[in-house]
Amino acid sequence: MSLIRAATESTAYGGSNLYARKGTPNRSGLYHYGLDPYSPDMYPQPYISSSSPLCDPTEPSIPGSLYDLQVSSNLYQLMANSSNSPIILDSNSSVNNSVSSSNISHQSPQSVSVSDNQNSPNFDVQMDNLEFDEDEIQLKLQELEHALLGDSDADLMDPYQELGLDQEPVWETSIKEIISPTSPKECSSESSVSCNDDARTPRQLLFDCAAAISEGSIEGAKNIISELRKQVSIQGDPPQRLAAYLTEGLAARIEFSGNGIYKALKCKEPPSSYQLSAMQILFEVCPCFRFGFMAANYAIIEACRGEQKVHIIDFDINQGTQYINLIQALSSHPNKPRKLRITGVDDPESVQRQIGGLRIIGQRLEKLAEDCKIEFEFHALAGQVGEIGPEMLECRRGEALVVNFAFQLHHMPDESVSTVNERDRLLRMVKGLRPKLVTVVEQDVNANTAPFYTRFGEVYNYYSAIFESLDATLPRESADRMNVEKQCLAREIVNIVACEGPDRIERYEAAGKWKARMMMAGFVSCPFNSNVSGSIKALLKSYCDRYRFEEEPGLLHFGWENKILVVASAWK
């Protein structure tokens, strides 16, 4: 069964009201040079199609699902919800939870056993080599999907029959016992869960569950998760949708399955090279992210002034849309460089690797630069960011060097993960290249070193603003919104909430910490030109008036109402 069924087709990005609540001129050309207009047929399977029939739940995989189930993949995939059904636990279903067995033992260099009576508060266990047996993965995934969709047993084929198993594994019985419709709801002396669950809002339940996990009250946390799944939905209003994903993050933390879910929720590649990934859609439809890219581009244009040759190094170029905008802006600049060279790192984890890598991106940029009468060269550098050395970047004499870090640095492990501290090491390596400019665009939230409960609060506040802002930009029924939230935001939320140690990849920091890291690496703040803030303020007027923009020396802040979401800075 598809996780998100027939949804309204993707909105055409050529529309005048795509990004703004107020009518604005068509700006889609800045982001779609050389591409077909963003049309309703851009989400054929494996995305979403409003004309697609609902998938048969008895099939061994989920064709048409955003997260197609593959038995051969060693990934624990998070299942979302059908279009008209909230994420709830059906009290009449025998398969009614998405957390795995509490008595599974996983063998790794540090063996970790989780039992029914475990109440240890220590969840900061590194599960680097945690893997599930493939048959167990298949069973867990089907159980999780059925729980989230609330399907009745009568409509579902026995997952064990599908795999040719004669009987349920031992861990299945334990799973059913974790959150059972017949399990006692009374409060016990060992549980800190209140008997008055009905009076608590999803927000209260979420924080109660996070507190229970922090205190080691695992059974209490599981009971709260059961209650939460009856109240939340990925089809609801922003608080409900956020609560649905946070609930699964908390369940994954209990069961140590966050790393597998994070890998399974990797942003899927677009159906063709002419379409945008869900992450790129997020960057375009959320003005805070767009303004961050704009600020970086403005700073780069200023740095290019009067230069004949410019070399830009980008450690996470994504689909290259930032540079489509940049090249177009440079084409009309009186002092544009004669030659522009871009080096993009082709990380094996990148969504682009599956649709031709950076080769297609380079071809697109080359065609645009040719039309704009700018000599252009594109270099795709294969390898993980942490393995890149100065000699691999091919810096040349006579070129003004610019390094762009747009939503990339937070993926680098820091000193809290390893003494190697790849985050600061990368910054020092870049400083050694003696760049004319370094631009940094990052999320502004403390989701790195904060203790779990504090981090959970930060995540709730930050993503509450993100989900609310998406509602002001895209219709509730928008397929784009569903894909963005499921492929991008849910993935980040689960990773931040459920994972620790090297498994926690999404490690955002507050603006002050980013500033401190840059200064420790030897960089000096480079104030933005006054024209930058003026242009952004003018553009901001065409959006919903709940977006906000603040500036301080060397930093530009973009947010939603009273919450700052993105910070942009420039350094030399």
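Cβ coordinates come from backbone N, Cα and C, glycine included.
Curation does not apply to TrEMBL; its annotations are automatic.
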Ranges in play 290-294, 310-314, 425-429, with TrEMBL marking motif 'VHIID' at 310-314
The residue range that TrEMBL labels region 'Leucine repeat II (LRII)', out of 360-392, 459-491, is 360-392
The average per-residue pLDDT within the motif 'VHIID' (310-314) comes out at 97
